[in-house]
Amino acid sequence: MEASLLKKNQSVELTIEDLTHDGSGVGKIDGYPLFIPNALPGEKITAKITKLNKNYGFARMENIEVVSAERVEPPCAVYSKCGGCSLQHLSYDGQLAFKRNQVEETMKRIGKLNVEVPDTLGMENPWRYRNKSQVPVGFVNGKLTAGFYQKRSHDIIDMSTCLIHNEKGDVAVQKTREILAKYGTEPYDEKTGKGDIRHIMTRFAHTTGQLMIVLVTTKERLPFKAEIIQDLTNQLEVTSIVQNINPQKTNVIFGDRTKTLWGSDIIEDTIHGIRFAISARSFYQVNPLQTEVLYQQAIDSAELTGEETVIDAYCGIGSISLCLAKKAKHVYGVEIVDQAIQDARANAELNNLTNTTFETGKAEEVIPQWYKNGIVADVLVVDPPRKGCDETLLETILAMKPKKVVYVSCNPGTLARDMKILTEGGYEAKKVQPVDMFPMTTHIEAVTVLTLK
């Protein structure tokens with residue numbers, strides 16, 4: 001059907017055939033696809049068209065005539081408004097199957113790869129998994145509140161709890177909000193640039209139980225700062241209270257200055273027996289239980305004997321590097337963020353791992369230089385951002401020819417693209433293992449190992 005034969009605000013009946021990568025249902029009217037949030041495959045629904053483009057349109061679900069067996073009642077009271085989760089209406093088994101199918105379909109469509117995609121490694125309990133809460137502060141109905149933004153807006157939802165946040169961190173956000181309100185702290189107003197408090201962040205260390213509270217403010221002076229700190233320490237079991245100062249009129253959460261107001265500068269957590277010092281701004285995986293699962297896949301794929309030189313591109317604070325260093329001859333890590341490299345060096349020292357070298361820079365610039373200087377990896381690990389590996393880095397890998405490339409990915413599309421380049425260059429992959437790091441969302445992590453033929 002031509003889009004011109006359909007009209008905005010028209011109600012249509014259709015059957016949902018599939019889910020898109022962002023979890024929307026897909027149904028067709030005479031071959032013309034409509035994307036409908038919250039609809040599930042197999043459901044017959046009535047939907048109202050909200051937008052029409054030449055080749056596809058969008059609609060809002062009005063009624064479900066035939067309900068999917070995978071549909072569940074979302075337990076979160078603000079799920080329909082909040083932008084934090086997108087799959088609470090799909091059973092957890094259904095979410096795991098959706099993520100596996102996304103990886104398999106992407107491998108075939110983008111990578112032209114016929115690889116095994118086993119079942120997604122999920123969680124026994126897919127709730128309360130996040131060790132970091134980061135919420136904006138604002139006025140809602142004249143009172144100070146802290147919560148996530150409403151979908152596609154910067155309106156804050158007044159929420160009493162978040163079911164994917166660790167309970168200790170969740171309680172800390174609510175207590176902090178109450179204490180700030182008690183002292184009349186003025187929330188930051190994006191439109192005027194006025195106000196004192198921008199965000200509340202909490203970090204919780206799963207293995208030690210340590211808690212950090214971060215107050216992101218517009219200036220160093222915070223009215224009733226001493227009283228706020230006193231109340232926080234009286235009411236919460238807290239290890240560290242930190243202030244970050246961000247005076248800029250921007251959507252970026254953190255400013256350049258961070259100072260410890262009370263307690264320790266860091267909290268400490270462990271992954272696979274490796275200790276990590278985590279500061280307010282450290283990059284650290286947000287799901288500690290699944291991080292162990294993800295890293296175990298990487299460790300198993302590397303098959304280290306103690307004789308190997310390992311290069312870890314995009315190494316962050318050294319979390320994978322240090323787990324591998326226990327079993328490698330030497331590990332070299334590179335990361336563009338200098339603070340992360342400083343953290344990686346400190347974490348290596350904390351664990352008495354002397355067989356590590358960390359350097360600040362772009363992986364695609366530093367690794368070719370290492371290669372020129374005679375550093376050749378037996379195993380090369382990549383854990384790139386969503387955009388995948390830089391082309392120059394892939395060219396260096398193909399020139400260096402490490403026996404194995406262990407690829408940890410947060411984007412199946414760029415993983416498939418990069419795997420295609422590496423397989424055309426002489427590597428072979430047999431399987432891609434999806435890991436569910438972010439239940440109730442559409443985000444997918446996956447691990448594969450490419451072996452030189």
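Heads up, the Cβ atoms here are built off N, Cα and C, so glycines get one too.
Annotated in Swiss-Prot:
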type: ACT_SITE; residues: Cys410; note: active site, nucleophile
type: BINDING; residues: Cys76, Cys82, Cys85, Cys162; note: [4Fe-4S] cluster binding site
type: BINDING; residues: Gln285, Tyr314, Glu335, Asp383; note: S-adenosyl-L-methionine binding site
type: DOMAIN; residues: 5-63; note: domain 'TRAM'
Which ones are near Cys410 (active site, nucleophile): of the binding-site residues Cys76, Cys82, Cys85, Cys162, Gln285, Tyr314, which have a Cα within 10 Å?
none
In this predicted model, what is the average pLDDT of the domain 'TRAM' (5-63)?
95
Rank aside, I only need the closest one: which of the binding-site residues Cys76, Cys82, Cys85, Cys162 has its C-alpha nearest to that of Asp383 (S-adenosyl-L-methionine binding site)?
Cys85
Candidate binding-site residues Cys76, Cys82, Cys85, Cys162, pick with smallest Cα gap to Tyr314 (S-adenosyl-L-methionine binding site):
Cys85
Under a three-state reading of DSSP, tell me whether Cys82 ([4Fe-4S] cluster binding site) is helix, strand or coil.
strand
Just give the helix, strand and coil counts over the domain 'TRAM' (5-63), going by DSSP.
1 helix, 35 strand, 23 coil
Cβ within 8 Å of the [4Fe-4S] cluster site's Cβ centroid: which residues qualify beyond Cys76, Cys82, Cys85, Cys162?
Val78, Tyr79, Gly84, Gln88, Phe148, Met159, Leu163, Ile164, Met440
Return one of helix, strand or coil for Gln285 (S-adenosyl-L-methionine binding site), based on DSSP.
coil
